[in-house]
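These features come from Swiss-Prot:
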type     : residues      : note
ACT_SITE : Asp13         : active site
ACT_SITE : Glu73         : active site
ACT_SITE : Asp145        : active site
BINDING  : Asp13, Asp145 : Mg(2+) 1 binding site
BINDING  : Glu73         : Mg(2+) 2 binding site
Amino acid sequence: MSSASPIRVIGIDPGSNVTGWGVIDGLGQRQQVVEYGTIRLDGKEPLPMRLHQIHAQLVSLIQRLQPHEMAVEEVFVSQNVQSALKLGHARGAAIVAGAQMGLPIAEYTAMQVKKAVVGYGRAEKNQMQEMMRMLLNLDKKPAQDAADGLAIAMCHLNQRQWHQQTLPAAILGLQRGGRA
């Protein structure tokens, strides 16, 4: 892939009842939404069936939208251990889907995503939705989980951009006798 080709990233906000996702093409500073949405699951279904649905639907999305990379939100461990375990399972189903399709997978905490997108690591859900609408030039605010998926993809693209700009400079400094 040439350096002038956009990188397509799918961002995943895993959940055992609703999994949000967003696909963004990034080229330099430019980012454009490809598609976004949610995978809504019946909470009355047994967890293994919901995990299968997350996996199958993400594989289908990856096949259709052809992202180059995947970014997934890390599990936030709350006081409710059962919820954290279910979230971890949903996250695992998403990661396996990406790995099965051969995608490199990056992981970010919710705080990293919020800080990268809003500039504040404790931003509220509605702030994230509005920021996604503004930054990605959307007609309306995306659903919360879809906005999170878009934000995760955007965070990853921003991290890639930052590494591409700073890493060559660091290497160049080392080659000139600088220190790491």
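Yeah, the Cβs are placed from backbone N, Cα and C, and that goes for glycine too.
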* Structure fact -> Whole-number Å distance separating the Cα atoms of Glu73 (active site) and Asp13 (active site) is 6
* Could you say whether, by DSSP, Glu73 (active site) belongs to a helix, a strand or a coil region? => strand
* Asked: In whole Å, how far is Asp13 (active site) from Asp145 (active site) when you measure between their Cα atoms?
  -> 6
* Structure fact -> Cβ atoms other than its own within 10 Å of the Cβ of Asp145 (active site), all chains, total 24
* Asked: DSSP three-state call for Asp13 (active site): helix, strand or coil?
  -> strand
* If you skip the near sequence neighbours and keep only those at least six away, which residues in the chain come within under 8 angstroms of Asp13 (active site), Cβ to Cβ? -> Thr19, Gly20, Trp21, Glu73, Asp145, Asp148, Gly149, Ile152
